[in-house]
């Protein structure tokens, strides 16, 4: 049986885009973001976070900070009866300063490596799935991956995902 999913970008979609966010104390939720994720959960979709985190490649923070913020997000979501099912992130950037992460890759959006990995792991039916993001790159990623793109342009995120 194939699953359906909603892939969420993080910065600018679920939280206010603070460059190189890597600490929970700096995280500010977008209006109704937690409720939007709960709506997706309640509709039987997997909620999967997909995010470029070039701050790792640039040496601003370690990969463990990305996981720590994700874990904190899920703790906050649980308070409203919501959850994210998985985290997929790209730590790479071609102009990074940390050699292990300085490269071109297939996981940095708008490339589809993160989506492809999640679809394989969770047996996701792309035709029944969505990508919610705030940038041209997110919408291109959705198109490249065969997902329906929903562009967040401000206001209530719940209003946007209620189209699902």
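The backbone N, Cα and C atoms fix where each Cβ goes, glycine too.
Annotation for residue 9 (active site, nucleophile): spatial neighbours 50, 51, 109, 131, 132, 133, 134, 135, 138, criterion Cβ-Cβ under 8 Å with sequence separation of six or more. Residue 9 (active site, nucleophile) falls outside any helix or strand according to DSSP and counts as coil. Per TrEMBL, active site, nucleophile is recorded for 9 (among others).
Listed in sequence order, the residues of the same chain lying 6 or more apart from residue 11 (active site, nucleophile) and placing their CB within less than 8 Å of its CB are 17, 18, 21, 51. According to TrEMBL, the feature active site, nucleophile maps to 11 (among others).
Taking all protein chains in view, 20 other C-beta atoms sit within 10 angstroms of the C-beta of residue 134 (Mg(2+) binding site). Positions annotated as Mg(2+) binding site by TrEMBL: 9, 11, 134.
The Zn(2+) binding site annotation in TrEMBL covers 90, 92, 105, 107. For residue 107 (Zn(2+) binding site), the same-chain residues that are 6 or more apart in sequence and have a Cβ closer than 8 Å to its Cβ are 88, 90, 92, 113, 114, 117.
What TrEMBL lists as site 'Stabilizes the phosphoryl group' is 51 (among others). Under the DSSP three-state reduction, residue 51 (site 'Stabilizes the phosphoryl group') is assigned to strand. In this view, residue 51 (site 'Stabilizes the phosphoryl group') is surrounded by 22 other Cβ atoms within 10 Å of its Cβ, with every protein chain counted.
Of all the Cβ atoms in the protein chains shown, 22 others lie within 10 Å of the Cβ of residue 108 (site 'Contributes to substrate recognition'). According to TrEMBL, the feature site 'Contributes to substrate recognition' maps to 108.
The number of other CB atoms found within 10 A of the CB of residue 109 (site 'Stabilizes the phosphoryl group'), across every protein chain shown, is 24. According to TrEMBL, the site 'Stabilizes the phosphoryl group' annotation covers 109 (among others).
Take the CB of residue 105 (Zn(2+) binding site) and look out to 10 A: across all protein chains shown you find 15 other CB atoms.
Surrounding the centroid of the Cβ atoms of 9, 11, 134, where the record places Mg(2+), the chain contributes additional residues within 8 Å, namely 10, 12, 13, 14, 17, 51, 133, 135, 138, 152.
Taking the mean position of the Cβ atoms of 90, 92, 105, 107 as the Zn(2+) site, the remaining residues of that chain whose Cβ falls within 8 Å of it are 52, 91, 103, 106, 108, 111, 113, 114.
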